Amino acid sequence: MKASEVLDNLKRRFPNEPEYHQAVSEVLGTIEEVYNEHPEFEKSNLIERLCIPDRIFSFRVTWMDDKGQIQTNMGYRIQHNNAIGPYKGGIRFHASVNQSILKFLAFEQTFKNSLTTLPMGGGKGGSDFSPRGKSNAEIMRFCQAFVLELWRHIGPDTDVPAGDIGVGGREVAYMYGMYKKLARENTGTFTGKGIEFGGSLIRPEATGYGNVYFLLQMLKTRGIDIKGKVVTVSGSGNVAQYTVEKLIALGAKVVTMSDSDGYIYDPDGIDRTKLDYIMELKNLYRGRIREYAEQYGVKYVPGARPWGEKCDIAMPSATQNELDGDDARTLLANGCIAVSEGANMPSTPEAIEEFLKARILYAPGKAANAGGVSVSGLEMTQNAQKLSWSAEEVDQKLQSIMENIHEQCVKYGQQADGYVNYVKGANVAGFMKVAKAMMAQGIL
Ligand code: GLU
């Protein structure tokens, strides 16, 4: 089957899964050339085998809320591909979670993990449970109930979950605690754990720092200095917070952050003190970004995303499809020179097309946000060795992994005229490694 036929076939067999189709379409649209160079891929129906997850677990999660009422949610774990290592990928708790979203994330994760240079396959899990407004006790009971089903499908050498939207250190700790009770082993089946019980230094920072390290590599190809550059960041969770932290440290000026209710615009830039306020607001009090605007007397725009604000660099770090074609055109008209994605698939296909057409520096999430799962991989190594490394050592390794990913993108994505298509580069590099591993291991 031709690569293009595979997509039509998948759409027919798995209808009503638009995010999954979108992610598959983006990859298939860029690997055609290498695919055609390897007739053995077509002969073994490799693309179809690579696009359809190895297996999907879905289960009911039953838990009791603070009023004593019994609630149900759906729980899932998608084990997408383990050709190069154990299934690895986060867990997302958000009202929007469904099979299509998790299938797109598990698919993306497979290529992202392949790019990290570490031996990790791809997976993703989650629930349509919404953490919004829930008490700490409710969060704990939900995490425990979720793991009561999940635990039998995961393990240190089979499938290693971590955090994603709605799942941070608190949730991973609750899930890991319950997992240990059931599995009776202590080898670190989750990553993103607390530092006292097997977690890695720099894991909380890794996705945001990694994205900035990737951006620096891209800017270097054009001799551009980050200092003084105006940056719009979306989101205010883990990824956005540490993206902003690193940008401030490097002398860039971050003017926006957001949450699902709206965004704030601070023309003076978010400084260290203001970022500390956001971290406390979001991580401790679980408040809304609107409160920043009240605290510092700046503009708050409800129900909107920050892409209309003038910037040199945009770093979408909230969620999928948060930046569409119109947003992309506005950014470009305002002089934006680089977009580096902290979230997974934040730009729509139309937006990506605009960026590539304008030949700006554009890094897709699967390359730019791979720092998080990379340090998860390093956490697995430390757990296996029963050791913990210093922050400097982990940060150093993170930097060299991001440099390596950038090199792979250039190798496979540089066009004859010199322009680097990072979408193509990341997809081809990620694909080739998984494809070769699958071919070597036979028809499975
Ligand atoms: N959820 C993160 C991602 O999208 C991290 C996954 C992990 O650390 O396993 O890559």
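Cβ coordinates come from backbone N, Cα and C, glycine included.
Just so you know, TrEMBL annotations are computer predictions that nobody has curated.
Summary of the site annotation: TrEMBL records substrate binding at K88, Q109, K112, S376. Screening the candidates G163, G166, G168, G325 against this entry identifies G163 as the one listed for that site. Counting Cβ atoms from all protein chains shown, T207 (NAD(+) binding site) has 30 others lying within 10 Å of its own Cβ. Among the recorded positions K124, D164, T207, N238, the residue whose Cα lies closest in space to that of S376 (substrate binding site) is T207. Listed recorded positions near K124 (active site, proton donor): K88, Q109, D164 (candidates K88, Q109, K112, D164; Cα-Cα distance within 10 Å). Within 10 Å of N238 (NAD(+) binding site), judged by CA to CA distance, lie the following recorded positions from the set K88, Q109, K112, D164: D164.
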